[in-house]
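In what follows, a single structure is set out as structure tokens and then discussed.
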Amino acid sequence: MELEIITEGRTPLKVPKTRGQPSARDPVFYNPAMQLSRDLTVSSLVQYGPKIVCDPLAGVGARGIRIAVELSPEVVVLNDLNPRAVELIEENVRLNDVEDVCRIENRDANALMHEDELAGRFDYVDIDPFGPPVPFLDAAVRTVRNRGVVGISATDVSALAGRYPRSARRKYWVEVERVEFYQEVAIRALISYIVRTCAKYDLAFEPHIAFFQRHHVRVIGEIRRGARRADRALKRLGYLLHCRECGYTSEREFDRECPRCGSGSVVRLGPLWLPDFADRERAERAASDARELGLEEAAELLETVAKETGTNPWAYDIHRWASRLGLSRVPSLTSVLEGLREEGFNAVRPHYSKRAVVKTDASPEEFEAVLTEVAGDSGCLHR
């Protein structure tokens, strides 16, 4: 295995030299494309100041060692079942001179979280698997302390985003189909599963920061103990009904016939987390911390996540809506955002899209009215 030394944030790391897309079959797994995700995690955790940290699926140790170096906790437990990964973790711990902070284990991740001497006392537990987090989630939410924080990643977004609805049904117990705001659905489906997993143990989950980035979903949030809190969290789950024909979307239940166009092409998505998937103050503070750490791309993404709060749990694709409405010209994203804001709506391009997509608190009817009006006097958007 050929190695190279790279630097993430302020942390040098010895990693496998990559040739092509990383695979679970690699001798030791490391995905350089996930550096931004790790930047976002470190930035988001500054405000919590975790002292006791668990990284049970550490790989080369990138995430956990970055936390050890950049956040100065008291203890970081780094674990991987792969002996070759453990050897590389040991090298990276020595490389960063954090032997006094890091404890390295070579165990099954679930066994570690259930049986470690610090089980139940962790301030932060990070679950970043290759694939779904489902096999590790029960142990993770139970090993963190009351009011502790978990960071959960899912890379099987093809399931969460509705491309493979049967897979989503089996793994996450959620009904999803591919819709134009599939990234939004994926984030909310994962949060829903975390909430339902916590509720089994009389635990409540509150998402603080969530994002969809490079084909994975990441959620960071707080665990609280108590059956009543768990009940309240469950009440925040619900369904979205979306018409494939006209794009109408609503949280309100209606018959399978769309109330806007009368089409029967309505899909029911859920149960999903329907409130904001981020806390505005937490996201803004994380953005500020990212900037102080010199992580500019992470700061910009977190600022956008903060701006998305207070909008609908879906998004509008300007091109698709213009086509459905038969508009002769497609208005620019900027003109649509400005038009919505002039009418008093919150409006932003979501963090997960580079296309002409809008998140807003405007209803479908209100969005249609603004889009139609703006199309009459705006320039065209060419893509």
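Cβ atoms here come from the backbone N, Cα and C positions, even for glycine.
Of the residues Arg38, Arg94, Arg121, Swiss-Prot places Arg38 in the same S-adenosyl-L-methionine site as Arg63, Asp80, Asp108, Ala109. The most densely surrounded of the binding-site residues Arg38, Arg63 is Arg63 (count of other Cβ atoms within 10 A of its Cβ).
Between the CA atoms of Cys258 (Zn(2+) binding site) and Arg38 (S-adenosyl-L-methionine binding site) there is a gap of 42 Å, rounded to the nearest whole number. Closest to Arg63 (S-adenosyl-L-methionine binding site) in space, going by CA atoms and restricting to the binding-site residues Cys243, Cys246, Cys261, is Cys243. Here the domain 'Trm1 methyltransferase' (4-371) has a mean pLDDT of 96 out of 100. Other Cβ atoms within 10 Å of the Cβ of Asp108 (S-adenosyl-L-methionine binding site), summed over all protein chains shown, number 14.
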